[in-house]
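The block underneath contains the structure these notes are about, expressed in structure tokens.
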There are 2 protein chains.
Amino acid sequence: MTRVLLTTTLLATTILAFAGLPAFADDAALQKEAAGYFKPIPSMVPAVKDNAVTRDKVELGKMLFFDPRLSASQLISCNTCHNLSMGGDDNLETSIGHGWAKGPRNAPTVLNAVFNIAQFWDGRAGDLKTQAKGPIQAGVEMNNTPKVVEETLKSIPDYVGKFKAAFPNEAEPVTFDNLARAIEAFEATLITPGSRFDQFLEGKLDALNATEKTGLKLFMDKGCVACHSGVNVGGEAYFPFGVVEKPGADILPANDRGRFEVTKTADADYVFRAGPLRNIALSAPYFHSGKVWDLKQAVAIMATSQLGAKLSDKEIEAITAFLGTLTGEQPRVELPVLPVSTDKTPLPK
Amino acid sequence: MTRVLLTTTLLATTILAFAGLPAFADDAALQKEAAGYFKPIPSMVPAVKDNAVTRDKVELGKMLFFDPRLSASQLISCNTCHNLSMGGDDNLETSIGHGWAKGPRNAPTVLNAVFNIAQFWDGRAGDLKTQAKGPIQAGVEMNNTPKVVEETLKSIPDYVGKFKAAFPNEAEPVTFDNLARAIEAFEATLITPGSRFDQFLEGKLDALNATEKTGLKLFMDKGCVACHSGVNVGGEAYFPFGVVEKPGADILPANDRGRFEVTKTADADYVFRAGPLRNIALSAPYFHSGKVWDLKQAVAIMATSQLGAKLSDKEIEAITAFLGTLTGEQPRVELPVLPVSTDKTPLPK
């Protein structure tokens with residue numbers, strides 16, 4: 001059996017080589033070059049700074065992630081905009097929040113977010129526990145306050161018990177800060193290892209097809225890797241949108257100056273965190289404005305605006321095919337059964 | 001060991017009898033009386049009329065149940081208002097839908113809905129497959145059309161494959177009707193066996209405590225069972241809200257005439273399907289108007305309006321305690337990973 005399989009593999013390799021597709025030696029070189037730029041998503045949950053990822057914390061964090069009672073309306077949960085059924089985002093231009101308000105920017109995916117240098121398009125939250133507090137309080141998102149959230153959690157005995165278990169050495173464990181820590185711990189588990197690209201990086205040279213390999217080569221040679229590298233193929237540093245040529249105002253609206261709002265320095269004008277490209281095929285529409293639905297179009301825009309390069313249709317298709325190999329195994333999540341409200345729980349608004 | 005346990009049980013029974021609480025013989029009589037009115041939730045998924053509950057259909061139905069692309073905004077799924085984390089409803093007075101519109105009635109739980117005589121508060125849908133088509137098209141709910149839903153599903157190859165598997169003998173399986181059949185099949189699996197009340201019904205006489213047994217007895221003796229009986233402890237027939245005395249307009253708004261809108265006959269004025277009381281402790285607020293958050297208050301209102309009875313606080317507490325024993329094992333649902341949209345998928349509106 002083993003011998004038959006080996007023979008078939010050799011035969012296939014030979015046929016591929018004769019067909020003019022990349023041969024084994026080139027593949028090894030490509031893999032080596034790629035391994036210099038990228039790292040695979042680990043198969044284990046990563047450690048999180050100042051927040052040990054314990055089982056109790058993850059369990060609590062999962063409940064909170066799915067609990068709409070974190071929002072003033074008690075309709076919107078973290079999962080509403082970071083839908084774990086749909087690549088960890090909402091697949092909308094910009095999110096719909098409290099009162100049907102539309103948010104200013106496209107919701108980034110929560111998947112692998114733990115590997116980003118910082119959170120939000122402008123990196124204004126240094127980590128996921130800081131990020132988690134933002135949407136809960138944003139008027140156009142969950143429109144709630146830490147005080148009401150704490151009142152809500154304290155009114156539900158099961159939650160009080162879960163907080164005690166997750167933060168065992170604290171006298172008053174039910175706090176907004178601990179809620180954020182628990183959500184961060186759960187989100188650290190939302191990683192997607194095993195993509196075909198990661199298999200290739202780890203030495204399975206036939207994990208990508210010829211077009212995808214061409215796309216990977218172009219991605220490195222054309223300079224995409226200057227911003228999109230590392231474990232998340234992006235998400236590691238900040239760059240102006242429109243290094244070479246600013247895209248149209250529909251895609252880069254003038255009134256959203258990006259990281260400028262965080263640093264108030266001129267060099268941060270229209271600067272954004274480079275988009276992490278893991279699972280990018282699952283998270284249309286693209287860019288902070290969410291105005292581009294077609295990944296091929298997004299690639300073309302990036303080429304002209306960031307690299308000053310006009311790519312051919314074939315090149316765009318190859319790069320897009322490569323990006324498709326960044327889709328990893330999606331997290332398997334059993335929906336939590338949430339504890340019931342009591343007569344002390346604040347009512348929805 | 002067995003002998004020790006028996007001795008302990010006898011001793012406990014003796015003590016309980018001396019304390020003036022129901023003795024074993026009474027419990028058996030109570031169980032027998034209850035078994036004449038109620039039936040346990042079966043532990044197996046029930047058969048559904050004209051819709052075989054197959055594995056493929058259930059899998060597809062689960063995907064559809066969680067897919068926000070059934071709504072025009074692509075934000076609202078069945079699970080938004082029938083949240084399986086929260087007793088199968090949204091725990092809001094009335095649901096929030098497209099454009100933040102508030103619906104006219106409280107969302108009923110999807111749990112055990114398969115056992116109801118018909119669906120909706122006014123029974124206007126004869127079964128779950130008919131029901132499923134309503135909210136998708138309602139302007140204040142998902143605000144979509146069958147045409148756009150079919151276009152959406154047909155644009156996603158994975159869905160086309162799943163429909164073919166679920167409806168293997170059909171030339172054109174991707175239809176709005178088959179979507180409804182698949183959702184109905186999934187919903188038939190959303191049953192909650194194993195409640196303490198069902199354990200009691202099945203002969204475990206210590207599954208209820210003394211207060212709960214008193215509540216059960218009162219529930220039968222006071223006449224609640226006239227409307228609330230059968231497997232769902234309600235949901236089996238239609239009755240006027242306010243048989244004896246109409247509750248206030250806040251609880252029974254004059255402009256919602258209930259089943260009258262369905263039958264257009266005078267005898268259906270302010271008539272509603274008796275609320276199924278399974279998992280009632282999980283699904284506040286109560287009544288079709290959703291105006292009552294406290295289950296004890298709901299019990300008191302039912303007593304005066306339907307039975308002309310003024311219950312004592314102790315009686316109300318006992319009946320409420322009994323209702324708490326109707327909470328069954330909540331379904332364990334792994335969140336589906338939904339297939340990605342394509343360039344042919346209609347955009348959100």
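Yeah, the Cβs are placed from backbone N, Cα and C, and that goes for glycine too.
Please treat TrEMBL annotations as automatic predictions, because they have not gone through curation.
Fair warning: this is a prediction, and the values are worked out from it, not measured in the lab.
Per TrEMBL, these features apply:
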BINDING   A:Cys78, A:Cys81, A:His82, A:His98  heme c 1 binding site
BINDING   A:Cys224, A:Cys227, A:His228, A:Met302  heme c 2 binding site
DOMAIN    A:56-164  domain 'Cytochrome c'
DOMAIN    A:210-327  domain 'Cytochrome c'
SIGNAL    A:1-25  signal peptide
A:His82 (heme c 1 binding site) in three-state DSSP notation: coil
Binding-site residues compared (A:His82, A:His98, A:His228) - highest count of Cβ atoms within 10 Å: A:His228
All-chain count of other Cβ atoms within 10 Å of A:Met302 (heme c 2 binding site): 25
Distance, A:His82 (heme c 1 binding site) to A:His228 (heme c 2 binding site) (CA atoms, angstrom): 22
Under 8 Å by Cβ from A:Cys224 (heme c 2 binding site), same chain, sequence gap 6 or more: A:Leu218, A:Met302, A:Leu307, A:Ile319
Rounded inter-Cα distance in Å - A:Cys227 (heme c 2 binding site), A:His98 (heme c 1 binding site): 34
Model confidence over the domain 'Cytochrome c' (A:56-164) (mean pLDDT, whole number): 97
Coarse DSSP state, helix versus strand versus coil, of A:Cys224 (heme c 2 binding site): helix
Among A:Cys78, A:Cys227, which are binding-site residues, the residue with the most C-beta atoms within 10 angstroms of its C-beta: A:Cys78
